[in-house]
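A.B. asks: Annotations for this protein, taken from TrEMBL, read as follows:
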type	residues	note
DOMAIN	94-161	domain 'PA'
SIGNAL	1-26	signal peptide
TRANSMEM	190-208	transmembrane segment
TRANSMEM	237-259	transmembrane segment
TRANSMEM	265-292	transmembrane segment
TRANSMEM	304-328	transmembrane segment
TRANSMEM	361-379	transmembrane segment
TRANSMEM	416-440	transmembrane segment
TRANSMEM	452-474	transmembrane segment
TRANSMEM	480-498	transmembrane segment
Amino acid sequence: MISSTVGLCLKVIVLLFFVGSSPCAAANDTVPSNDCSNKPRLVKVKYWIDDVEKGSFSAVTAEFGLYPPTEKKSLRLPAVFTNPLNSCSQLSSELNQSVALSIRGECDFTTKAKIAQSGGAAALVVINNIEGLDYMGCSKNDTDLNIRIPVVMIQRSGGDILNKSMGAGKTVDFQIYLLKRTVFDLSNSLLWAISMGTLIVASIWSDLAGRDRSNERYNALSPKESSIDDSEDTLDINIVGAVVFVITASVFLLLLYFFMSSWFVWVLIVLFCIGGVEGVHFCVTTLILRWCRHCGQKSLKLPLLGKISVLSLSVLLASATFAVFWSVTRRESYSWIGQDMLGICFLIRVLQIIRLPNVKVATVLLGCAFFYDIFWVFLSKSIFHQSVMVAVASGENSGGESIPMLLRVPRFYDPFAGYDMIGFGDILFPGLLVSFFYRYDRANKRSLINGYFLWLAIGYGIGLCFTYLALYLMEEGQPALLYLVPCTLGVAVILGLLRGELRVLWEYDVESELLTQRSGEA
């Protein structure tokens, strides 16, 4: 059995991690912005040389001005280099209803846009001075911009092609239009699979590890504590605890929002690593003992730790080394793999510790979480002038370093290397309900079709799909529990009503469940 100290520490970490964020997406509406609030959008610049289509350039919009139209509404327009090339002073070139081409540098992006617009340009294309795309923001002195043309940036290699062609006297035409992500792509599909897999595996873990003997085998690695009652390792939430839990999570979220700093981020990283190490240790040792019952018999005595299994110590050291490696390399492009591995194991461990006793408590907990997510993602904007949840999740208030309590997958085709994310809370809250119904189905010998687990797992997957659809349509961070709670708790209540079992589920007694299981095993 895990020590009471580690168990208490893990339960505290669970509370902090329930703050979890919702998946994030970027983009604003298609009206001009006078406050530099536009989110950068991917753009395609199709080009023709002497009326022959040659290909296209990848581009990105600025934080001001209009977004380009969609492909069907975009027009083919002639391209003209500005004179001067930097577009930092009054132009001598004729730009009427043309796309102005300017090089980067020597003045602000907004200055270039204003001058191009005053010269009659229909759009401005800025050629970057390096191979890559950068954000085009505003200067501190910009207030009322009134820029009503699209402003986009292309890479230096694209500028070289255009300069060579136009320098040779050839005509160049542009068609500039927005690229819109599909509802499902490789990134969010992978995140969907990871989330679904984590929830299902965590729910059926007792069977994967050998029924309810998983804790027994894991606890056997520390013989000195084998006499402690197993109930110390589980926490059944009650109604008061559910309400206090969400209120405390809200307070902690505000602390993150107002006081997030580099040292605070490191506190969260340390807590994440502790939880991740415990999760990896639990999962790995349990699975090893599932297939090799005698592997944990060798033990040794260590100062402070006392008697401990050699297997447990080996896995613990390997887990800690992995967590340290992740923390050191967390800014690398591949760090999301390590973060997700630690996070998945942590989630599995948590769902073996925290349990819902019945649907009544589940309704209170998920109901509070439902409104918690909606408020901190959407309604908090009216109070704090930005979404508190999105700001904390994206690290806007901490120098761009996001909190580690989430699963993330890189947007593989995003030039800014962004991430699709889902907070731990968006898996843990529904996971508690799905795990409860898996135990209920097993205790009452329900088949997959006649039980609840299968339908709630399917409902969770559909809820995630609704979340991605909302991200696609609204193009801003979404409270995932807005869609996940109705698709899980709602499905459970409807099935309970149709089967005439809602009253039993509402007041279900977890102790009777345990007695039923033990009598069945006997």
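The backbone N, Cα and C atoms fix where each Cβ goes, and this holds for glycine too.
All TrEMBL annotations are machine predictions without curation.
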A.B. asks: In the same chain, who gets a Cβ under 8 Å from the transmembrane segment (237-259) while lying at least 6 residues past its ends?
C.D. replies: 15-16, 18-19, 354-357, 360-361, 364-365, 368-369, 372, 376, 384, 388-389, 391-392, 397, 403, 425, 432
A.B. asks: Is it the case that the transmembrane segment (361-379) and the transmembrane segment (480-498) touch, counting contact as three or more CB pairs under 8 Å in which the residues of each pair are 6 or more positions apart?
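C.D. replies: Taking Cβ pairs at least 6 residues apart, the transmembrane segment (480-498) and the transmembrane segment (361-379) are in contact, with 3 or more under 8 Å.
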A.B. asks: For the domain 'PA' (94-161), DSSP counts of helix, strand and coil?
C.D. replies: 16 helix, 15 strand, 37 coil
A.B. asks: Mind checking which residues of the chain, 6+ beyond the ends of the transmembrane segment (190-208), have their Cβ under 8 Å from one of its Cβ atoms?
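C.D. replies: Apart from its flanks, the transmembrane segment (190-208) reaches 23, 184, 214, 287, 290, 340, 344, 347-348, 350-352, 407-409, 420-422, 426-427, 430-431, 434-435, 438, 442, 453, 457, 460-461, 464-465, 468.
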